Structure formats: C-alpha cells, structure tokens
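As written in TrEMBL, here are the features:
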TRANSMEM  69-86  transmembrane segment
TRANSMEM  106-127  transmembrane segment
TRANSMEM  139-159  transmembrane segment
TRANSMEM  165-186  transmembrane segment
TRANSMEM  198-217  transmembrane segment
TRANSMEM  229-249  transmembrane segment
TRANSMEM  295-313  transmembrane segment
TRANSMEM  333-354  transmembrane segment
TRANSMEM  361-382  transmembrane segment
TRANSMEM  388-410  transmembrane segment
TRANSMEM  422-444  transmembrane segment
TRANSMEM  456-475  transmembrane segment
Amino acid sequence: MTTRDLDKKKLDETPFDEKTFPASAVSEHLESNSTEEFDANADEALQLVGKERTSEFSDEFNRKVRRKLDLLIPPLCAAVYFTQFLDKTSLNYASIMGLPITGQNYNLVSMAFYLGFLLFEFPTVYLSQKTRAAKYLGVNIVLWGAILMLHAVGTSFGAFFALRFLLGMCESCVAPNLILIISMFYKKDEQASRISWFYVMNGLTQVFGGFIAYGVSFSNDPHIAPFKIIYVLLGGLAIIVGLSVLMWLPDSPVHAHFLTQEERIAALERVRNDQGGVANKKIKKKQIIEAFTDIRTWLIVLTTMMTSVPNGGLSNFSNLIIKNFGYTSRQTLILSTPGGAVASLMTLFCGWYSDRKNERMIPIVIALVPTIVGAAMLIGLNDSGKKGALLFATYLIGTFGSSLSTVYAYNASNTSGHTKKSTVNAMTLLTFSIGNIVGTEIFLPKDAPAYIPGKIAIMVLLTVQLGISLLLRWINLRLNKKKVAQIEELKRSMRWTDADIQKEREKHAFMDLTDQENIYFVYTA
C-alpha cells in the first residue's frame, strides 16, 4: 500500500489525535500530480537527494564532512555574533566615555535600537526566506557597519535615536538567519553546542570591548572624543565581517560550494532523520497559522520575554551599576570584563550539556539559578559597603544570558517546516526586542544609584521562568509519547516492520512538513 493510501486510511480510521498530528498536509504533497507544484512545496534538498535515501556514507566520511563544516560555518557565525553584540552594546561603553546623551534621553536612545529591531523582525525573516539567507545577512552587516560609523558624526538626541533605530533594523536578521543556517547543516544533537559557539561571543565581547574601550579612554585628542573612536573602530570591523560572510558563508548545503558534490549529499543525508528539512522559499500560510496556534510557541515567547527584560536593562546599565559601587570609569571598564568570562563559560557548558543529554529546558534552569542568587545579593548587600561581594554578584548575574542561546537551540531542534521555523524565530526575536525595550525602563534615573526596583524585577522574572521551563519540557515529552503510540498503531494496523517505518521516515524528511504534520518528528525536551 502506498503512503497516499495510508494517509487516506488514516483520515478514515483516525485512531490518533488528528488535531495534533494532521495527515492532510502529507496528503496534499502526495496527491499532487504536478511536478512543479511538488517542487514548490518540497524542500530544496531534493535538488540533490531523492525522497528516499539512495546514498550511504561511512561514519568516518560523515565526521570528515562535519569537520569541514566546523572549520567554516561556526567561526563565521561567531564573527557575525561578536560584531553584532559589540555594536549593539557600544552605547554602554560610550555612556561613560563622553557621550553627549544622558538621563532619560539615554534611555530613549537605548530603546530606539529595539524599536527598529521590533518593527523589522517579521519582514526581515520572510525577506531572508525568499532570498539567499547568507547573502541577505552579509548585506545587512555591511549596512549596519556604515550606520555605526555614522554615530561618530551625530551629536544630537535626534541623530542618535535615528541611527540606533536603523541599526536595530539591520541587526534584526542576525539570530534568525544563524539559527536557520545551523539547523540546515547540523543534526539535533550537534545544534546546541554549535549555537553556543557563536552565542558565547556575547560574553567574549564584554571582555574584548571592555579592554578596547579602556585603551581608547586614554585618548586625549581634542578633535575626536573617545566615544567617536569606538564607533569608527567597531563600524569598520562590522564591514569587514559582512564582506567575509558574503564571500564564504553558504546559504544551505545545496549551495555549499566549499564541499564537493558527494560531500553536499552527505551533509543532507546526515540531517535526514531529524526531519527538520533544509530550506523552502515558498511562504506557506498554513505553517504561519500553525506557528501562532501552537501552545509551545507562546511558551517560548514567554520564556524569551522573561529573560529579555533583564538583558535590556543589564546590557545598557551594568557598567553604571559597577561604577556606582565607587569605582572610576576606567576601573569600571576593566572590572566589567570577568562578567563576560563567566557568561561565556556558562554558555559553552549549557551548549555541551544540552547536546550531551538531549535536553533544552534543564540547561535554562541551570543558567538562571546563579542570576537569581546574584540579584538577591545585590539587593541584600546594597548598603553594606562590601564592594568585593557586590562585584561578585554582578558576575553571577551574567549567567542568565546563556538561556537565550538554549532557546535558539530549542527552536532549531523543535520546529519543522521552513515557514513555521521562520515565523517562530521571528516571534522569538520580536519578543526579545519588546523585552529589551521594557528592560531599558526598569533602571530609571530616579532609582539611581542602587536601582533596587530593577534588581527586584530581574529576580522575580527569572524565578517565574523556572516554572515555565519545566512546563515546556513536560509538554514536549508528552507529545513524543503520543507520537510513539501513533507510530506503533501504524505498524500494527498496516503490519509494517521497523524497516518499513524507516523508509516512510526518510520519505517525510524533505517534504517541508511542520513538526505537527510529520508523525516522525521527535521533539527535544
């Protein structure tokens, strides 16, 4: 019996939860007699491989292919993220290096980046899907490098607000594109660690940027203020990275010209069993609807909100918090760097643990607990005068940042269907933007220098997030049990063997089905 007959039988007998795992999308693909229609619906991987696996590769050959991928893709992704985070937080360094924007205007300029990010997030993910992901990313990096250099020219509130807004628009494509690229080339049990390899740049930029800003702070040139030098240097670096991406970062395994034809096929076959697909340029309304009606999407949105509000505050005010312990501006720049090292180590650990244990939510819990403790210390020791303990608490607070890296890995591993994946990534980053906008307002000038309400908000939000993480993990495990039961019922009713099931699994891999449509898709808890 064919898969088409099977799907009709399933629709008639439906012993399973059809609302959760609809067969209709499979039927639409299989019933189409038009090759053009199928090609529009299916994954672009079918340009190189068939619906069924026809090539087998040794473990040694697959490891060789993965090594080639690792030598190019993660380093370029890391360079992009390094540049983005450095550029995004440049305002934090400029704030103590003569920036002419202060008080509430500083808060508004901080917020402007996230407003641009917010308004352009959905357009940018769909533009990226319709074009070539890596090329689209490279063009945006070059543009934001030029915009960042223009910050050295602006002196008024209006100019800085406009430039930060444009910077946010250009940088809104970064995380969604990097998540998609990692999910195209890597298996589920490799994705979290590779995402952590580029996300770790958030912490390393804090170290690197602090030392660069410290060196620039010694400039006594009367013609150019230190903060302007920072913007020129970082803008130039972004342009170099953007040009590198345009030249070398592949858009998908199909277009990975640094691989041989055989290696590109092996790269696609490596990810076939994960059922996540590679790329499809057709924007599908049904997948957008599914993304918005999936309860797990909204729990990820809530997770992102809970962790982005603290990020919005700390990424712009952490240096001011340390300075208010009684340190000079130059001391602050140096003393802020260990926090980046702590954050980097936590990110790498969570990425490793996530892949090693096939977990996504538990690493988030591990990352949040030290931050909750650090926030409590900052509140409890506020007037103690214990500068060392307070400084240690600020280092602990930085661990929460790795939770967003795990959210990225969660999206890569738990969402299928290219349009759905783009939509969920856009919703995640849209929420990231909103959370960061709110975050800039939890550290208000009237609460300086202690900013106690902001610290309390961080502690409360992240404590609530612990429960959300465990709930989302339970839902994914429950859905997996339902899929296992569905497959077992399928084997029994059709009298299929494990080999038959594997053949069907391979057929579904590159049909651009969503995780709900595809019975063979397995969620990572």
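For all residues, glycine too, the Cβ spot is worked out from N, Cα and C.
Recorded stretches compared: 69-86, 165-186, 198-217; the one with the most Cβ pairs under 8 Å to the transmembrane segment (106-127) is 165-186. The stretches the transmembrane segment (456-475) and the transmembrane segment (229-249) are not in mutual contact, being linked by fewer than three Cβ pairs under 8 Å (pairs 6 or more apart in sequence).
Scored on C-beta pairs under 8 angstroms, the neighbour of the transmembrane segment (69-86) with the top count among 139-159, 295-313, 361-382, 388-410 is 139-159. By the Cβ criterion (distance under 8 Å, sequence gap of 6 or more), the transmembrane segment (295-313) is counted as touching the transmembrane segment (388-410), at least 3 such pairs being found.
Long-range neighbours of the transmembrane segment (388-410) within the same chain, counting only residues 6 or more positions beyond its ends whose Cβ lies under 8 Å from a Cβ of the stretch, are 175, 178-179, 191-192, 195-196, 199-200, 202-203, 206, 300, 303-304, 307-308, 310-311, 314, 318, 321-322, 325, 335-336, 338-340, 342-343, 346-347, 349-351, 354, 360-361, 363-364, 367-368, 370-371, 373-375, 377-378, 381, 428, 432, 458, 462, 465, 524. Using a Cβ-Cβ cut-off under 8 Å and counting only residues 6 or more beyond its ends in the same chain, the transmembrane segment (361-382) has close neighbours at 192, 303, 307, 310, 321, 346, 349-351, 353-354, 389-390, 392-403, 406-407, 410, 450, 452, 455-456, 458-459, 462-463, 465-466, 469-470, 472-473, 525.
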